[in-house]
Amino acid sequence: MADTGVQTTLGDRRRVDIAIADEDLLASLGYKQEFRREFSALETFGIAFSIIGLLPSIASVLSTSIPNGGPSAMVWGWAVASLFILLVGMSMAELASAAPTSGGLYFWAHSLSSPRWRNLLAWIVGYANTIGSIASIASIDWGCAVQIMAAASIGSEDQSFSPTEGQKFGVYALILLTHALICCFGTKILARLQTVYVVLNVLLCLAVIIALPAATPKEYMNSASFAFGDFSNFNGWPSGFAFILSFLAPLWTICSFDSSVHISEEASNAATAVPWAIVLAIAIAGVLGWAINVALAFCMGTNLDAIVNSPVGQPMAQIFFNSFGQKGTLALWSFVVLVQYMMGSSMVLAASRQSFAFARDGALPFSNWLYRMNRFTRTPVNTVWFTCGCALLLGLLAFAGEQAIGAVFSLSVVALYIAYSIPIAARFLGDNDFQPGPFNLGWFSGPVAFMGLAWMGFMSVVFLFPTTPQTNTQEMNYTIVVLGGVMILSLVWYYLPKYGGIHWFTGPIPTIEKTAANSRRGSMDSVEKSKAKDVVVSEQQLV
C-alpha cells in the first residue's frame, strides 16, 4: 500500500511539473494559458494521424493517381513523395518543439523573420494557413460526401443510383453541420476521441491490407510486373509530368500535419509531444499508405478505365465491389466513411484553433467576435462556426463542375505549403536567435530544411496546372483563382490606406507581459520547491 501511495504521489508530482513547465513556456512566448491541457502524447499524435486518415484519404484521391501513372504512380509515387514529406515534417517539428503555440506557423514566421519583413510575412502565413486549413476541411468533407453517395450507389439495384451535385452538396452541408456541433464540445471529450480515431484508423488499414488480396477473384489479381511496373496515362500530359501530378495523392493524404501544432496549448508536455506527433504521424502514414497502395495495385484488375469511370463514382469503392461483392463492400465501406468522418472532425478542431489564434492577434475580419472562448465548454465556438461556414462556401464550387470542386484538394496543399515554407526559411535566413527545443536535428537541420523547401516550392507550382493540357473554363484548375483571390484581398487589406494592417498589425499580440512571465517563472520555482518538500514528507509518512 505504501508503494502504491508513493507511486501515485510521484505521478501527481510529474503531472504538476509538466503542467507548470507547459504554462511557463507559453508565458515566455507571451501568452496566458486559456485552454485546458487535456491532450496526452498519444492523443496529440492522434490529431495528426486521424487527419491524415490513410485509407479514406487514399480513396478520395485515387482518381488522381490512377489516370496519372496507374500502379507505378500509386506505388512508387507514394514512396518518393513520402520521403520528401517527412523532411518537411522534421523541419516543422523543430519549430514546434522550440515554440509550441496554437498560432504555430505565423507566430514562428514573425519571431524568426527580420524586423523589416516580419509583420508582412506573418500576415501572409496566417492567411495562407487559414485558407489551407479551411480547404482541408472542405476537401475531407466533400470526399466523405462522395463516399456516402458511393455507398448508396453500391446498395442500389444494379448500382443504378447516380447522385446529382445538389444531393452531394446537401450531404456535404450536413456533415459540416455535425462536425461544427461536435467541435463545440469541451476539450476533454475531443481529446478522448483521438485515441478511438487512431485505433479505428490502424485496424481499418490492416484489415484492407490483409483481406483485400485474400478476397479478390483471380480475374482481378494482377502480376507483380503489372502492380510495380505498369504505367497508364489517361490525361494527355507527357508521362514524366503525369507521374509528378500523381503526387497530389500522397501530398494531400499526408498533409495538415500542422494540426497537432494548433492544439499545442491544449497538449501536455507540448515541446516534446507535438514534434514527435508530427514526425511519427508522417512516418507511420508513409509505411502503411505504401502497403495499402501495393495491395490495391495487385487487386484492381487491368481495366483501369472501368475503375476510374465506374457508375459507382468512386475508384476504391469499385475495387472493393469487384473483390468483396455488394454486402462485403458495404460492410467495409461503412468503416471507410466513418474514418473519413473522423478526419473531418479532427480537421475542424485544428482549423478552429488556428483561426482562434490568428483572431487573438487581430488579423482576421471580426476578430473581436472570433476571439471569444465559450465560458461553459472553454472552446472557441465562434471560430468553429467560422471555419465550417467558409468551408461550406468553398463547397459551392461543386456546381461549377467536377474539376472545380477537385481544386479544393490541391488548394489545401498549395496554401499550406506556402504557410509551411516561410517560417522554415525564416529560421535560416532571418535575423533571429533561434533556440532549439527538445526535438533537434542538429547539423542536419540545414540540409533537411533546404530539401524540404525545394520540394514544397516545386510541387506548389505543379499543382497549379490543370488536369489535362487541353482545358476550358469548366475544367481549369481553380486553385489559383481561390488562393490568389484570398491572398490578394488579404494584401489589399494589409496595405489599405489609413485602415490597413500595415498601420496597426504588429504580429502576435502577447496576452501576458513578458516581465510577468519571467517573474512568474521565479514564483513557480518557489511553489515547486514547496510542493517538493510536501512530497518528501508524504513519502516518509507512507514508508
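Using the three backbone atoms N, Cα and C, a Cβ is placed for every residue, glycine included.
Automatic prediction, not curation, is the source of TrEMBL annotations.
Listed in TrEMBL:
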- 41-63: transmembrane segment (TRANSMEM)
- 75-108: transmembrane segment (TRANSMEM)
- 120-140: transmembrane segment (TRANSMEM)
- 169-191: transmembrane segment (TRANSMEM)
- 198-216: transmembrane segment (TRANSMEM)
- 236-255: transmembrane segment (TRANSMEM)
- 276-298: transmembrane segment (TRANSMEM)
- 330-351: transmembrane segment (TRANSMEM)
- 381-401: transmembrane segment (TRANSMEM)
- 407-429: transmembrane segment (TRANSMEM)
- 441-465: transmembrane segment (TRANSMEM)
- 477-496: transmembrane segment (TRANSMEM)
- At least three Cβ pairs under 8 Å linking the transmembrane segment (407-429) and the transmembrane segment (120-140), pairs spaced 6 or more in sequence? yes
- Short question: which residues 6 or more past the ends of the transmembrane segment (169-191) have a Cβ under 8 Å from it? 35-36, 38-40, 43, 137, 141-142, 144-145, 148-149, 266, 341, 344-345, 348-349, 352, 374, 377-379, 381, 384-385, 388, 391-392, 395-396, 398-399
- Message: I'm a bit unsure how to read this: which one of 75-108, 120-140, 477-496 has the highest number of Cβ pairs shorter than 8 Å with the transmembrane segment (330-351)?
- Response: 120-140
- Task: For the transmembrane segment (477-496), name the stretch out of 41-63, 75-108, 120-140, 198-216, 441-465 with the most CB-CB pairs under 8 Å.
- Result: 120-140
- Message: With contact taken as 3 or more Cβ pairs under 8 angstroms (pairs 6 or more apart in sequence), are the transmembrane segment (441-465) and the transmembrane segment (41-63) in contact?
- Response: no
- Any chance the transmembrane segment (276-298) and the transmembrane segment (75-108) are in contact, meaning at least three CB pairs closer than 8 A with a sequence separation of 6+? yes
- Item | Cβ-Cβ under 8 Å with the transmembrane segment (120-140): same-chain residues at least 6 beyond its ends | 51, 53, 57, 60, 103-107, 109-110, 113, 176, 179, 252, 255-256, 258, 340, 343-344, 347-348, 350-351, 354-355, 358, 361, 363-364, 387-388, 390-391, 394-395, 408-409, 411-416, 418-419, 422-423, 426, 482-483, 486-487, 490-491, 494, 501-502, 505, 507-508
